[in-house]
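Copied from TrEMBL, the annotated features are:
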type	residues	note
DOMAIN	505-640	domain 'GGDEF'
TRANSMEM	229-248	transmembrane segment
TRANSMEM	255-278	transmembrane segment
TRANSMEM	284-305	transmembrane segment
TRANSMEM	317-339	transmembrane segment
TRANSMEM	345-367	transmembrane segment
TRANSMEM	374-399	transmembrane segment
TRANSMEM	411-430	transmembrane segment
Amino acid sequence: MPVNSVADRQIRRESCKFGVVCSECAESITGRRGVAQRSSWFCRLGLQAALLLASACALAAPVLDLSPGQSRATLGSVTTYAVDASGQADAAQMFGRADDAAFKPVPADNATFGFVDGAYWFHARVANAGSADMRWLLVLEYALLDQVDLYLRHADGRIEHFQSGDYHPFSQRAVSYRHPNFWLQMPPGQPLDLLLRVQSQSSMQVPLALYTPTAFIELARDAQLGMGIYYGILLALLFYNLILFVSLRDRSHFLYSLHVLGFGLVLFCLNGFAFEYFWPNSTWLANAAVPMSMALAMLAMHLFARDFLELPRRLPWGNRVLLGMIAFHALMLAASPWLDYRVAVLIGTGMVFPGVGAVIAVAIVVARRGFRPALLFLLAWAMLLAGTLVYALVSFGMLGKSFATEYGMQIGSAAEMIFLSFALAYRWAALRSENERIAREANEQLEQRVEARTSELSTALQQLSEAHVRLREHSARDGLTGVFNRRHFDQHFAPLLAQCRADARPFSLLIADLDHFKRVNDEHGHLTGDDCLRCIATSLQQCAGEHALVARFGGEEFVVLMPGTDELGARRSAEMLRQRVAAHRFALEGGRQLHLTVSIGVASAGSEAQIAAETLLRRADDALYEAKRGGRNRVVQGPVAA
Ligand SMILES: Nc1nc2c(ncn2[C@@H]2O[C@H](COP(=O)(O)OP(=O)(O)OP(=O)(O)O)[C@@H](O)[C@H]2O)c(=O)[nH]1
């Protein structure tokens, strides 16, 4: 039958002009029966396969013509499918059903069915519209498919069988590529029937695409570059924040690194890289790693959000919500290897929405309460959500495919990670300046307190010193008269005399004793006697001058030290005192008056005199004794030491 190639990817219906089975086709088919049967399983098909092939000519089937100038094509528009719920059907049966037009077109040219049981069979017919042999690569652009069986029925009835999917070691793939793929060798002008059996615990997504070797190299190069940039950003952020964690000892950087690692691992699994690079021979891990990495990513995301937003301190109820999520995902991480793959993936996927919702909700509340780093945190999440939205819009055909839209999720998540890293740095800077402010305020308060304490202390010290001075003064004074006491006199007499000698100045000493004072006490009482003593002390100070030292020597006896005063000056002062006392009338009760006299002995030393203090004192005492003996109320000058 002639093949009319109109344009690239033009679909036409190939039908036999005789309507059912033409003898020409039947001959051509049966004549080549059993030429190349790769699988021993197929040896049993025998004649049945040839008969099925014959009927293919009779029935109408969409064909995708591949012209020489074409480099890539998608098969969605010519793909039909049938569900084999038991998974027991064989290729012969399904070729038969396809030829009987019992297969249905895939919905919206998109072979996506979600999580389903049993096996799905897909049929497509392609034809080489050129004049030379063509070699195309069939790629199933979804990485997580478990078992993929491809049956190729050539125009000559030959049937080949190939296998792929992550139930088979990665090395079995036609091309070492993250998506299952098969080589198609197509002679010119002949149709080729593709029958695919797919069974998978993952989502049933079978987008079929064809690439010439050159186109595939270009695709792989561009995709690898894009992915390399993306994972490069993630790796750089991961190590950068790990280094920050080690140097700063800030737990948030570690949790952020865990978040990046978990998220990156999920995408690495979903993109098929984990199977390709990490565990190419472990068909178990190829599946189990998906729910495990999802649980790890969610766990790390909640741990990081809880720590970054300081929920225990800022939002206790939000903290409890996230702790619940953390416990749940930790449990899922531990249980995933033993759970049914589909159950684990469905739970993990289902928890993404409440998990992300909870994180965004608490971040909004914390931001509204004035925690500024939460705004950057929210912005980062907005990036991821925007990327996811773009990805969804592309999936639903509402946005055209471009690099930016097709890799929206990757761009959004990379932007999220970068913004989160900024947010961490911002938070760190905010924390540091907050700490500095607290430290500065604490220092200021401390300084103020120290200043206040210092001032209190210096006031206390001053008061203490004043008290000490007062105490010393007090201890030097006579309690009754207020003049210096005997101890003070004893301490200062010799030093004052020595100082005068050193300065070559004269020195005089008076001893004054009230006459018949006993009588005063006896007649007028001790209180009157005390008043008299106080009065005499005051007069002594007035008469002796400001440089003199007046002290009570004992009883009714007073001494006056007069540094710098010679015998004339001393005698004048003594006389003045004597006269003042003699002239004074002490007023008594009842209008009576008391008359007192005083006897004074004077001793002096010249400016050059070498006389001991005791000698001078004795001379003054002798002079006083003489004054008493001479009749009292008089001044007697003792011998002057020259
Ligand atoms: N009121 C009062 N009397 C004192 C104080 N100290 C000593 N006297 C008295 O002074 C008197 C001294 O007496 P006497 O030593 O006998 O000397 P006098 O009576 O003054 O006689 P002459 O010195 O010889 O003139 C005693 O009666 C003491 O009690 C005092 O602080 N207050």
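Including glycine, each Cβ sits where the backbone N, Cα and C put it.
Here the domain 'GGDEF' (505-640) has a mean pLDDT of 92 out of 100. Remote same-chain partners of the transmembrane segment (411-430), defined as residues 6 or more beyond its termini with a Cβ less than 8 Å from a stretch Cβ, comprise 230, 233-234, 237, 240-241, 244, 248, 250, 252-253, 256, 259-260, 263, 267, 304, 308, 372-373, 376-377, 379-381, 383-388, 390-391, 404. Across the domain 'GGDEF' (505-640), DSSP assigns 64 helix, 38 strand, 34 coil.
Outside the transmembrane segment (255-278) by six or more residues, the chain places 143-144, 166, 170, 176-179, 227, 231, 234-235, 237-238, 241-242, 245, 285-286, 289-290, 293-294, 296-301, 303-304, 307-308, 410, 413, 417, 420-421, 424 with a CB less than 8 A from a CB of the stretch.
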